[in-house]
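To start, the structure under review is shown below, and the notes come after it.
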């Protein structure tokens, strides 16, 4: 009989745990029970030994009023030292002291968790019997040797009496304040607004810095109270015009992430706790994004995006469930007809989430062909703006557009300049280390050619947009000229007189390519960014300035007022036959044309179109002058200027213009074989803000890639306390009064990153202030005031996890900002 094997004994796994932590290999070397038991005899618990010997321990009266740093016990020798969140970091210094054997295992005397400095990770002591016995022994010794309340000396009794006197005085002062508050209307003063520290849950400074700024966003707290109300009834307009009554839905309670966020904001407003532990909120974030689990270095901007996107997804899910319940179907299996109905109601987007109502804005990308001056607009929503930060080296690499020529030398130069962008494609691991230099160079050149061809194909495909991939909105409006199209395709034009501003609409729909003269063709195209982007193609021509807005591309490809569309062999849909009978009165000037094609009353399900003209020169106009910020390269205004600068599309970036392609096919130089050749033209492109968000979040892209390496740009970027966004907004920016030429924002939060990419620390600057009533009315009720409200005064605080300190405004403006939080001044 052989002996039984004991090495292969497995440990039962607890299925209830979400993640299985790896076993630490340093438990045997980091534990010494004999030395630990000797050191714990007659010891003062929860006091740093080094701070005590350095005479840095304060009096007991001061000690009880202030928060103590966390104390960690070395499981090798019993040394007690303050944690890494304190100023001295004696526990970490004790580990770094060179010894023959490592003192790497420490035990927290606050929450009884074990940490290994070598692994830089938490150790589950339940996975090791020896470690579990040591932790249990230390906990028993700590509970036995701590003094009981009855065993107090006279000094402690005197301190308690002083405390009672102070508490009685505080109660009297509170009663006076309550009486004053009853007599006078309640006003939120900055002194009453509290700023509290957040416990570090293990390299979670990136999370704490963002949450400090969100806790100082009063609009978010007010809107979350409205979201949490049970039994909320919301009305959604029907997608079909035949259905006149809106759909009433009853929303369920919000999701777990939203509830955890609301609970966290309420805890931050309580006056009892000095330090808040956001464990529940962080665990909900980790459930949405597993990448934040563990104790690795993370990015605060990514955390903010995952947090906001997660709450927005929960709100959309609430609406979808409410629509299903309204149709009387609560089962998981749905038929196709009901699925299509739910999708149609969801596309209405009449219920924006609270995230979009606070942080949501809109960008408009304007592209104009230099030959036919056709303008197309693409609208994209955003929650924050990521701005480029140019260092001294990248600022010198400027390319002159006039000197660009189609030569092999320029192509090689372009490939060298684009090396940084292709660094993820050309990884070191792709080339074997054992090959010769000649083969390595050959492989690099081949990778460059493939990457360049791939980029060209993506750019060419990116200029065409698939009609069925765009989410659109019905937009019926009263216009100057109405044209009713019957089933035979006849058009009758009626003229009225309205100002030109009445025809420009602020809701955008569509994905219709350019309408030129009597015939037009809609190309099926691909949008590489978002399938739900709303695209507004404003087709402005010098001959017949027309703009087409489609309300439902999927339906218009099937039936356009009785004119069925033909589908080409390559999948493209031609609707030129549907517009052959569309004739305009020659007596009318192009600047006075505005046609609305209404659906026939006898044909249910047909869609609404409108054709509106606009001056192409105003497409690139802004609310205010922007050239002033081109000189100051070290300011946030210059970063916004670079983000919204006017670009020229040349050479490989040329625009595929449908109008010019159509003209060439119909012109004298048309191909005799009937083949249709695409025409690529030079164009101008600019991206501007078309919807100013109530809370503006700016992200400075300091972490950049240089070749195969990653680096951080430590350049100081100046940012003002009052920011005017008007130079970067479109001329017809929404949420801005007509006569206002300023879009002002006030700074209230900064996230700063100090250190390097490998080892850094996030801190926050937050401004405790009174709530902006005009901003609350805009978010809650949609009211846009005519006059500006004065900037709310307050006190700035610097928060580093649990450490909170009041600072002047100059220190805030001199910080190395990574995230900036601005609120709208209305």
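Every residue, even glycine, has its Cβ placed from backbone N, Cα and C.
Pulled from Swiss-Prot:
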- 205: active site, nucleophile (ACT_SITE)
- 24, 26, 116, 119: Zn(2+) 1 binding site (BINDING)
- 196-825: domain 'USP' (DOMAIN)
- 189: phosphoserine (MOD_RES)
- 415: phosphoserine (MOD_RES)
- 552: phosphoserine (MOD_RES)
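Non-local contacts of residue 24 (Zn(2+) 1 binding site) by the CB criterion (under 8 A, 6+ apart in sequence, same chain) comprise 105, 116, 119, 121, 123, 128. Residue density at residue 119 (Zn(2+) 1 binding site): 17 other Cβ atoms are found within 10 A of its Cβ, drawing on all protein chains shown. Taken residue by residue with DSSP, residue 116 (Zn(2+) 1 binding site) is part of a strand. Spacing of residue 26 (Zn(2+) 1 binding site) relative to residue 205 (active site, nucleophile) is 27 Å (Cα to Cα, whole number). The Zn(2+) 1 site, placed at the center of the C-beta atoms of 24, 26, 116, 119, has further neighbours from the same chain whose C-beta lies within 8 angstroms: 25, 27, 30, 104, 105, 117, 118, 121, 123.
DSSP assigns residue 26 (Zn(2+) 1 binding site) to coil, not to a helix or a strand. Counting other CB atoms no more than 10 Å from each candidate's CB, the recorded positions 116, 205 peak at 205. Confidence for the domain 'USP' (196-825), expressed as mean pLDDT, is 69. In this view, residue 26 (Zn(2+) 1 binding site) is surrounded by 15 other Cβ atoms within 10 Å of its Cβ, with every protein chain counted.
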